[in-house]
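Listed in TrEMBL:
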type	residues	note
ACT_SITE	ARG333	active site
BINDING	GLN111, HIS113, GLU138, HIS314	Zn(2+) binding site
DOMAIN	7-152	domain 'Phosphomannose isomerase type I catalytic'
DOMAIN	228-294	domain 'Phosphomannose isomerase type I helical insertion'
Amino acid sequence: MSKLRSIVRLRCAVKQYEWGQIGESSHVARLAERNSGEEIDQARPYAEFWMGTHPSGPSYVASGAEEDAVSLTDWIGENPAVLGEKIVDTWGPDLPFLFKVLSVAKALSIQAHPDKKLAELLHKSRPDIYKDANHKPEMAVAITEFKALCGFVTAEEVQDVLATVPEVRELIGTVKNGNGFIGCCTEFHGNGCNPSINGNGCVNEENGNGFALGKNCNGAVVEEEYLDESKIYLKLIFTTLMSASQVAVSNAIQKIKSRLVAENKTRSLTEKEQLILMLEQQYPGDVGVISAFFFNYVTLCPGEALYIGANEPHAYLYGECIECMATSDNVVRAGLTPKFRDGFPEILRGVPLNKNVYRYTPPFDEFEVDRCSLLPNETVTFTPVLGPSIFLVLSGTANVGMDSLNDLETFSEGNVFFVSANTEANIRNAADAPLVLFRAGVNQRFFD
């Protein structure tokens, strides 16, 4: 394999979803400008920077004139050996991971990503919406303080919400469905708390603003697994909340807002209460505002990471992160396929490979992420691995060479390069400022 085929520069895609940070304030915007040369529109949001082969935002091999650019998908198809034999045998001639940067200004929808079986069913039945048949486990590594909702709180915490938030208790206790009155679920047993899901089910779709779980409809798909008593209780509470009418939800939110604004004059609000007020400002009257009471509120410091499995409900709220996932863009709303697993999510802080490189290893075969920091004139060697890698220069300037520090190519902030399987990458900080780059590759456990 020639040197040209071992390390190649990529031109990548940007997504301007409305929840993105605006103009130059967005790290995504600054990376995209340096990557493609396109000027930043200071009035538009810049939400995601995509690096990979997904057809909704493919990268291109940067080879000079734009009209001569070849997609990374086509280039890999013509040169499958760049992936490594085991990758091709398992996933075919394509990257198994998708690498991103996110700049989040306001809350995304509470959502989940389907497992492989459900993804195949959704893609077959609605290919216009679910554009691939793959699952989408993912991991976010914070590059600024990063806030998210992830997974359900414990049943004990649900009890505390019902005990201390009268508006939620009233809403849960007065919801009716097609089978009649559900009753106030203030205990695990009795008081009208029937742990069966109503016969109609409830699917809640996004309202177009981003955060919503929107209007009710029939036919919920729920994960078929054994649920212990606490999970049945949690499932009932959440399903009951999602079944509430828009009028009831709006009234409850207004009461919560009025009470918290008044109480803030005599006491300090909790972090969760402050979050509720922030979400109400972004999405007034939305059921997602109330549902936030039932999810873990997570704050990641820069360098900390969070991984999210199939059907795990979550919502990114604010901040910027590196994100890596299986190659998919499938999203379902939390009302459709919630996994009723409670408890606080695991936070990863990276395992040092050497003094410059930390590795984040989620429990998924498709990907892992390395964070590399180099002071001026420092060097590091990424030894050959059996699969492909994508590198992003987040800040600074790097000299990169294959097998040695001779015949170097320079990559600066926003530059992205693909490194083929079985290729050594030697990197030197070529500037007077710190160099920070991230690498995405196939999880080492896949090869072990």
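Any Cβ shown, glycine's included, is placed from N, Cα and C.
Note that the structure is a prediction, hence the values are computed from the model and not measured.
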Can you work out the mean pLDDT of the predicted model over the domain 'Phosphomannose isomerase type I catalytic' (7-152)? 91
Which residues of the same chain, at least 6 positions away in sequence, have a Cβ lying under 8 Å from the Cβ of HIS314 (Zn(2+) binding site)? ILE110, GLN111, ALA112, ALA148, LEU149, CYS150, GLY151, PHE295, ILE308
Counting by DSSP, what is the helix, strand and coil composition of the domain 'Phosphomannose isomerase type I helical insertion' (228-294)? 52 helix, 0 strand, 15 coil
Just counting, how many other CB atoms are there within 10 A of the CB of GLU138 (Zn(2+) binding site)? 24
Among all chains shown, work out which of the binding-site residues GLN111, HIS113 has the most CB atoms within 10 A of its CB. HIS113
Provide the three-state DSSP residue tally for the domain 'Phosphomannose isomerase type I catalytic' (7-152): helix first, then strand, then coil. 44 helix, 43 strand, 59 coil
